[in-house]
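Among the features that Swiss-Prot reports, FAD binding site is placed at 6-36. According to Swiss-Prot, the feature S-8alpha-FAD cysteine maps to CYS316.
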Amino acid sequence: MSTHFDVIVVGAGSMGMAAGYQLAKQGVKTLLVDAFDPPHTNGSHHGDTRIIRHAYGEGREYVPLALRSQELWYELEKETHHKIFTKTGVLVFGPKGESAFVAETMEAAKEHSLTVDLLEGDEINKRWPGITVPENYNAIFEPNSGVLFSENCIRAYRELAEARGAKVLTHTRVEDFDISPDSVKIETANGSYTADKLIVSMGAWNSKLLSKLNLDIPLQPYRQVVGFFESDESKYSNDIDFPGFMVEVPNGIYYGFPSFGGCGLKLGYHTFGQKIDPDTINREFGVYPEDESNLRAFLEEYMPGANGELKRGAVCMYTKTLDEHFIIDLHPEHSNVVIAAGFSGHGFKFSSGVGEVLSQLALTGKTEHDISIFSINRPALKESLQKTTI
């Protein structure tokens, strides 16, 4: 294999693999390097499914990228035999007047003229008999959003990238970088590789390796769990149009998925709890009592028909920035290095669009997308660029 490429992508997970596909599609000589063999269970993309929402409770600024990402997921599905997306619709609910997340979701839908249904508590319960909410709750249902099959997404992008000439170097950890104005070099245990441009998208490992690029941004990885629960298929199955959901209730934010093919309702608790090192994280579900108890607490109150036997659990990681917004930008000192980091537990849905952004930044130094919210020089991060530690 050649040791020089047009672009090297370090970290071939959600964002990196999508970028590799976009580059290879344009005939760019591309090398993707990953410490594992994607798709795998060591990062932030496994667990079968991810929700894609367009009306975005984390900030209406995300909506254009969400819509572009949806277009690209549809395009990917046409190119591959893998199942990529199912339009389940997504339900967002919470206490009326108390949930900032629900309120921002509604404002995002209004500002961008998205198709949605607005519902009150009784209407929610009648439309989805598996859900039990108080009368003082309200909701927004987005029929055109749904569920992505995350591992299939990465698998499809990898197959298509390799078919177009991209090289994927697996089980290879990058140990160091050497950056000059007109070239980049990565050092691995298997040798050195050079390129004109570099994309760094190492997920939780960004927190450990960006310092080698003279960047010490506060990125904190957290342990995150999901559980699959035996549930009443007549109420919670995708076959009867039970939606994906993202809810803000008094004890936190939860997200979940209908049962596909009898797998059980999948539920996660969106929290930044246990700080971890990605190399030493405990990947056993249930090792902490709250792994299951936090999920049970939600099911007991809001979806009792899905509070059955735990069929399986999974452990993955979030990597959080201080403001929970992404970092997608050129390196402040090296215009031939692109950084993608800190997706803070809500990035996967955007990975098709982010891949397009990263490829554009690598090839031209700019992008057609407005990514100002993701600036590496934004106030919430700027002080941290001067060797601040977590």
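Heads up, residue numbers simply count up from 1 along the chain you see.
Even glycines carry a Cβ here, placed using N, Cα and C.
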Rounded distance in angstrom between the Cα atoms of ALA18 (FAD binding site) and CYS316 (S-8alpha-FAD cysteine): 20
All-chain count of other Cβ atoms within 10 Å of ALA18 (FAD binding site): 32
Candidate with sparsest Cβ neighbourhood (10 Å radius) among VAL10, CYS316, the listed recorded positions: CYS316
Among GLN22, THR30, the one of these binding-site residues whose Cβ has the fewest neighbouring Cβ atoms within 10 Å: GLN22
Local Cβ density at ASP6 (FAD binding site) - other Cβ atoms counted within 10 Å: 16
Among SER14, GLN26, the one of these binding-site residues whose Cβ has the fewest neighbouring Cβ atoms within 10 Å: GLN26
Under 8 Å by Cβ from ASP34 (FAD binding site), counting only residues of that chain that are 6 or more apart: GLY11, ALA12, GLY13, GLY16, VAL168, LEU169, THR170, HIS171, THR172
Distance [Cα-Cα, Å, rounded] between VAL10 (FAD binding site) and CYS316 (S-8alpha-FAD cysteine): 20
DSSP state at GLN22 (FAD binding site), helix/strand/coil: helix
Cα separation, CYS316 (S-8alpha-FAD cysteine) to GLN26 (FAD binding site) (Å, whole number): 32
Cα-Cα distance linking GLN22 (FAD binding site) and CYS316 (S-8alpha-FAD cysteine), given in Å to the nearest integer: 26
